[in-house]
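As annotated by TrEMBL, domain 'Gfo/Idh/MocA-like oxidoreductase N-terminal' applies to B:37-160. As annotated by TrEMBL, domain 'GFO/IDH/MocA-like oxidoreductase' applies to B:174-289. The signal peptide annotation in TrEMBL covers B:1-27.
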2 protein chains.
Amino acid sequence: MNSRRSFIQKVALTAASIPLLRFQSLAAPPASDEPVLRVALMGLGGYANRVADAMKSCKKAKLTGAISGTPAKLTDWQQRFGIPEKNCYNYQTFDQIKNNPDIDVVYITTPNALHHSQVLRVAAAGKHVICEKPMAINAKEGQEMVDACKKAGVHLLVGYRMHFEPKTLEVIGMRNSGEFGKIMFFQGQCGFRIGDPTQWRLNKELAGGGSMMDIGIYAINGARYMVGEEPIWVTAQEVKTDPVKFKPGVDETIQFQFGFPSGAVASCLSTYNMNYLDRFYLNGEKGFAELQPSTGYGPIRGRTNKGELTAPHVTHQTIQMEEMADIILRGKQPLIPVNGEEGVKDLKIIDAIYAAVKSGRKEPLKLV
Amino acid sequence: MNSRRSFIQKVALTAASIPLLRFQSLAAPPASDEPVLRVALMGLGGYANRVADAMKSCKKAKLTGAISGTPAKLTDWQQRFGIPEKNCYNYQTFDQIKNNPDIDVVYITTPNALHHSQVLRVAAAGKHVICEKPMAINAKEGQEMVDACKKAGVHLLVGYRMHFEPKTLEVIGMRNSGEFGKIMFFQGQCGFRIGDPTQWRLNKELAGGGSMMDIGIYAINGARYMVGEEPIWVTAQEVKTDPVKFKPGVDETIQFQFGFPSGAVASCLSTYNMNYLDRFYLNGEKGFAELQPSTGYGPIRGRTNKGELTAPHVTHQTIQMEEMADIILRGKQPLIPVNGEEGVKDLKIIDAIYAAVKSGRKEPLKLV
């Protein structure tokens, strides 16, 4: 473990901050002698199924395990994805994963409020962790998760699929090349009308909040990686039109605004009560970029002042897992960080947004 | 005058509020025996030239007079637009317009801070007034102008060209027909990079403010007529990246947000420091509308969930003057009001936006 730990520490130390990052090439096929990342999925709901299906196309990552509280789901997954029974666990037994040489990393796709304790348990078992976003329900929890994984010498990555999306990276590459000039403004509209009112995403105890935790975080991500700076203040305004569906602590719609050190500003919308949104817009002195749709499962579409974006669509979860294999196994530095520290920054912003809603005032942010 | 005054009062009393308005047909050609609105332009700068050119295509309105402090401009206009010398005035003499039977209305396109005194003088001369937006530099001035015109028995209209723009009205017609369902969200991005730093628009004394007065007001208008309600609160955040070009009191960039009684919200941007903006976006439970460009001189382009907007482009100032002739001469009620009361509402909002920037808090609005 010692050499791995020192390697990981080196990765953490050299991880470039967003403004300095270079444009990366898409994942190249692995050399035949390179190891494949062996993944166990924890929490076998709809999103885990999407990830598992997407991983069928992966060359660098492979689904080898599953963790669920529902025995029938484990049986089903064994059949559908060829997972051996010995690699299946439930929430009482999964600490034993530390003795399983077939699993390198556990990808947690459970409800938000469970991430903290589950990440700590996986880290204690000595396995790497990929935690679906939001990484936790507040920055304090997130930092504890980062600290625990660092102490255990394991990678902690956050399931930020858009951070690997080709058209998104095409825009960031253009920005880094100066094609838009000085960046002035970002606008991110993220939301959808959520269905079933009994789902965990509308339960404060499990979700830790409402639309902001689930979909608003994409606008936060977008503001940060599109502008290429860290915001220094945030203001936010909440409205709730359906207090029956959206209980106290579960935000329906929040508008929020950022200011950046350069003077650039951002205007964002997070909502569980509107369709026909999903747009990123980046404005610079010399040009603009528009992604619309910007965060759906794709294909993402977009244009700039130079014309249509041309990067090809790839299933988001496929390329995410390919890239995460390179990060975990080969120390690759992604264009946009997806590590726990990055997740904590987003949680600090979410904490500040909720604080700004309550205070009605501009809340300062210190992310660097 | 008595019958005219009572007629005007009747118009004011029956003016429908925005949510109740019906979709109107475009201006029909006048009957051969109908009078034509005879217009004098005051302030012969770039915008007055645009209006005068556009009026060449008007059937219901005609340019018959001019007011300028620059004798050479008056000579030039006499030649270019066939205006008789007897219908030309300067800022010392224009009160005499009251004795001129060839002029029905004065269209004021001077710097914002001059509107108040000039409107009062035109009203005192017994002529109708069209005042370019912003109608004044604050709501107090605007209300005094409304009161003065009411007392004088003359119409006071504001030069809101977008209020007559066909694609804009097409969207509002669709909204009124329920095509978008319950309205949830409006987004208005209005701005451009302003040039010459010595122009009056960047002089607080003449402009009364900065981008908000000139271009942000379009987003305010849009939020009101697209949502179809009056906002009940506003929050606002200012940034200034160039304090040399944008002196104290001259806003460069302001983000502002509205809340409406229904729970709908709006997110707006006003800037003198970004190009590639100019977008309106309206979101409803059943559909959306996007206008992009939304407020430039045209053609305006747009689409909804039903497809591209199809209303034909008309030069904005041409249709504005045709419609204003019908309002002034024939008591027509436009789909979106353009009277002084409407202008005062926008100024109350601008007052509140500037107050919200200073207070950093949600400012209440009482417009109805």
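Using N, Cα and C of the backbone, Cβ positions are placed for all residues, glycine too.
Residue counts for the domain 'GFO/IDH/MocA-like oxidoreductase' (B:174-289) under DSSP, split into helix (H, G, I), strand (E, B) and coil, are 27 helix, 38 strand, 51 coil. Counting residues per DSSP class in helix, strand and coil order gives 57 helix, 26 strand, 41 coil for the domain 'Gfo/Idh/MocA-like oxidoreductase N-terminal' (B:37-160). The domain 'GFO/IDH/MocA-like oxidoreductase' (B:174-289) scores a mean pLDDT of 98 in the predicted structure.
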